[in-house]
């Protein structure tokens, strides 16, 4: 018999009538309006993830099976009808909680843990039990909990992966089992819609280096960020680790290490293993986004170049850092009323991130210049001349390249000898040209740090730069904060409040000298853009993720800069606004994909905004109906 519903206006009680029987259900928080075939929260709950209309899913699991499935488990939020249908009435306490109440309880439990690594473990356990509650909780405390589930805490969790290991997550592809890779892949993906695959070979994890099989932690963390601020459905994501061995001797000597305890494979056998995986993705999920994460410096750019024209490939270390830095720079030159092509850019740190930034900025100089009909366009070769790269050997010159001290991929940006061979050029005892001398001679408008050398931007360097530039643009991007080339406070003080600053980690505002105001420090957090870049490619089923699509997304993020309205405000949106920022990025990327013909969908640009909104998953409970033929 169908249940009829009455709500007593004066009491926080839900009264259920079934025949002649009367049930009273105490309600805390928002009132739950319930019937056999439909349930919803009357009134909106506070959820930073996009609100969604309730949908109904038919599920074939019952009892402990559904309670043990994090996709469908609601815990104490299962409705009375669902408890009966799924045989849960004796497995759950009486109270039917709302999601808000569950979040309140879970947050209290989280706060009982005194260290971030223990909070990280608690949240991992929660994710293994209930996806909706996990994402809803984090979305309500985004700024507080992102550092717990991602950098810096996740780095500690990954470094201790084998000792913290409790249960597997994602797909582990081990080198000795290469011949059964396709079978293992299909066992994980059969019958599933896969929109996103995040893969790592674990060689360069979060600044802590080679972590072997523990790299699955960075793949899962990145997938979580895609869901939180990009709206990727977690059931449509797949974290992967390519376990090709490790050169981390501490792991090799650890009797509890759970990965393949052999030296890391290199060369042709490594390439064949990676290629086998990529071809499986292309064969079985041709329209998914394949995100490469934390590959080593010798492989990251090389693999991106090898596969990006054959599939929608994204490498966050190469492209994500470059994209968010470009957005901050576009915002900064919006404040200074200058053009990107006119910037003199010194980059201190020529690793994967530094080179990725330089490539992204140089390509943008050409692309943005071509869109400006008021000026002659700049060539790719001329754009490269606007950059000066330094690493531990000093300024990268042809002489250094001749000594074999410039790694592959940087040759296009090394400086020619004549301009740096004069007697007036100051060199150190080894004949190297250091940062201060470069700043004195180049008079840069932009100074970017990716060196992980704390204090490298000294007071003398910042003051020298500020002599020649009205608004010096200074981006110390090394992570974590203890490795920043200069603190925002020092950059602000030494430039006498003129510097436009963005950092790689969050910092509090700084007081502007001689003014009763504070300058808001922008954080160049890749998560402000890469989830949107990926979502835009996925929703259009784009064949590639092109440079023009990246630049379209970057410009969309830059347009949201608070500094364009108030130059003392941040160059980028606050991370609390990351979900809305990534929505705008996704729209721009999707529109560009359609415009340039790489999209594979039957709808046009006029439908993009609606399609992106519909695609963005939200942490809210769906109506579940038991069906023996339903999902499992």
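Using N, Cα and C of the backbone, Cβ positions are placed for all residues, glycine too.
Source: prediction; values computed, not measured.
Here TrEMBL flags 127-308 as domain 'Malic enzyme N-terminal'. Among the features that TrEMBL reports, active site, proton donor is placed at 150. Sequence annotations record features per position, and here TrEMBL assigns active site, proton acceptor to 222. The feature divalent metal cation binding site is assigned by TrEMBL to 293, 294, 317. The domain 'Malic enzyme NAD-binding' annotation in TrEMBL covers 318-594. Positions annotated as (S)-malate binding site by TrEMBL: 479, 525.
Structural mapping of features recorded in TrEMBL.
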| residue | record | Cβ neighbours (10 Å) |
| --- | --- | --- |
| 150 | active site, proton donor | 20 |
| 222 | active site, proton acceptor | 27 |
| 293 | divalent metal cation binding site | 28 |
| 294 | divalent metal cation binding site | 27 |
| 317 | divalent metal cation binding site | 23 |
| 479 | (S)-malate binding site | 20 |
| 525 | (S)-malate binding site | 26 |
Residues close to divalent metal cation site centre defined by 293, 294, 317, Cβ within 8 Å: 200, 204, 205, 218, 292, 295, 300, 315, 316
150, 293, 294, 479, 525 screened against residue 222 (active site, proton acceptor), Cα within 10 Å - retained recorded positions: 150, 293
Shortest C-alpha distance to residue 525 ((S)-malate binding site) - which of the recorded positions 150, 293, 294: 150
Residue 294 (divalent metal cation binding site) versus the residue listed as 'active site, proton donor' - Cα distance in angstrom: 14
Across the domain 'Malic enzyme NAD-binding' (318-594), average pLDDT on the 0 to 100 scale: 92
Residue pair residue 317 (divalent metal cation binding site), residue 479 ((S)-malate binding site) - Cα distance, angstrom, rounded: 13
Whole-number Å value for how far residue 293 (divalent metal cation binding site) lies from residue 479 ((S)-malate binding site) (Cα to Cα): 16
